[in-house]
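Written below as structure tokens is the structure these notes are about.
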Amino acid sequence: MDKPASAPPPNGPAPTLFGRIIAREIPSDIVYEDDRYIAIRDIAPKAPIHLLVIPKKVSARVDEITDAQEMGELWLTAVKVARQHAEDFRLLVNCGAGGGQVVFHTHVHILAGWEGDPDRDT
């Protein structure tokens, strides 16, 4: 007998878009990768440089990360990747639908590349 459509998959929830990118099921422009993180170019950039740093360990929202070392490594990796692409940058996390989060797999946005443009969109 078929399971109802609302039943979760037998091995847990389906992977997110980012989980599928990490698994190489979906192509992406990867700019950095190590054993714990991957960084890609955003497909709908909001800045001249718009990268996403994504932990390979899945959490839906950044506030689900309770380990201080894990949280610190996420931010240190984001800074490391940002500095590879720009001298000045902004790091941003959207947390939850009300906070603007669209893909529910924790990630840090790196926005940069506005040199000399004080009227840029924020």
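Placed from the backbone N, Cα and C atoms, the Cβ positions cover glycine too.
The domain 'HIT' annotation in TrEMBL covers 17-120. The residues of the domain 'HIT' (17-120), classed with DSSP into helix (H, G, I), strand (E, B) and coil, number 30 helix, 25 strand, 49 coil.
The annotation motif 'Histidine triad motif' is assigned in TrEMBL to 105-109.
For His107, the entry in TrEMBL reads active site, tele-AMP-histidine intermediate. Every protein chain considered, the tally of other Cβ atoms within 10 Å of the Cβ of His107 (active site, tele-AMP-histidine intermediate) stands at 25.
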